[in-house]
């Protein structure tokens with residue numbers, strides 16, 4: 001083949017650097033889950049859903065107690081209880097009690113926690129255990145038909161629970177760290193302190209269970225919770241301060257003194273308000289908790305610390321929102337633990353366009369939003385222009401040649417037309433201004449014979 005003297009045709013220009021990689025579909029709605037929250041953020045979220053403090057605090061306590069009781073009935077480890085309690089708190093902070101019964105949410109949280117902690121239990125087994133605790137005289141098996149409808153409700157709440165926590169399965173387990181710290185306080189091989197160490201660990205371990213009846217696990221880290229439990233247990237039991245000396249410096253344990261004091265006061269609020277509903281509250285007198293609480297409040301005032309760490313007065317929660325109306329579905333017969341449960345799991349999602357995606361890296365989410373925003377940003381330019389508009393001429397009158405209301409020459413009815421009326425018998429018309437006429441003739445002025 002003869003060679004051509006023509007140069008090769010130029011190829012397409014290379015794409016710019018920004019468009020070298022395909023952009024792909026829109027990022028949709030990005031949700032960044034958070035492992036912790038602050039007291040101020042919790043109060044703002046609770047006011048948005050119409051939080052009734054007197055009722056909801058009791059429901060929170062009873063929900064965690066139900067999780068603990070079912071967990072012990074099924075012989076599940078304590079880490080499953082920790083996970084379920086945190087999921088339960090996050091769900092109830094986001095949705096009011098009028099939407100879901102607290103018992104259904106507690107059992108659904110335990111069902112999700114069993115999968116997250118690899119201690120899998122079927123929904124029917126959880127429902128059967130809850131039914132056995134409610135009615136010990138009525139023993140049922142998980143295959144009973146009465147658990148069919150509640151099982152569907154728990155499974156439907158599972159997906160809603162996952163979206164609420166943002167697929168973030170990270171939780172805190174303070175029990176393991178607490179045991180290690182207690183062993184450091186009371187080393188093995190010391191027979192003099194063996195009994196004291198067992199009593200200290202027994203109270204501290206039960207206090208770690210009671211802590212999940214508050215919002216402290218949602219706000220604090222594992223080290224903060226363990227340090228708060230050790231200090232409060234030592235104050236209640238009158239332990240020698242030299243044993244807790246290695247744990248006085250909170251900064252060396254990846255925590256702060258303000259967070260530790262906040263956690264201790266949260267526990268004391270629980271013990272003073274719900275003393276009989278806790279494991280440690282029934283072991284001590286109420287006056288003992290009050291004395292410790294007064295002592296810590298004086299310490300806060302002396303050190304000029306806030307009750308809650310990181311509290312901002314300018315960002316304080318707004319005025320309390322109106323309480324959510326009571327719903328009949330919050331009653332016990334409508335719960336998943338009862339065979340009368342026939343309520344569907346409602347899913348109230350905010351109206352939005354696109355797919356909701358959960359991203360754990362906040363920097364990556366910001367980068368994606370910046371890249372996608374270029375293709376959805378509309379730019380407008382404003383220009384001012386002067387335009388002369390002609391003034392329209394007045395329209396001529398309509399129907400100028402016809403009489404009537406539209407004709408200016410129309411003068412209205414004549415003077416004798418107003419009294420014109422139909423005769424009641426003959427239908428003849430007479431004038432209102434004429435005299436009276438009858439069959440015998442004669443009449444008034446202006447009238448002839450009939």
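Placement of Cβ uses the backbone N, Cα and C atoms for every residue, glycine included.
Because TrEMBL annotations are produced automatically, they should be read as predictions rather than curated entries.
The region 'Disordered' annotation in TrEMBL falls on one of the ranges 288-319, 320-351, namely 320-351. Checking the ranges 1-33, 34-66 against TrEMBL, the region 'Disordered' annotation falls on 1-33. Confidence across the domain 'Cyclin-like' (65-163), taken as the mean pLDDT and rounded to a whole number, stands at 91. Here the domain 'Cyclin-like' (65-163) is broken down by DSSP into helix, strand and coil counts: 72 helix, 0 strand, 27 coil.
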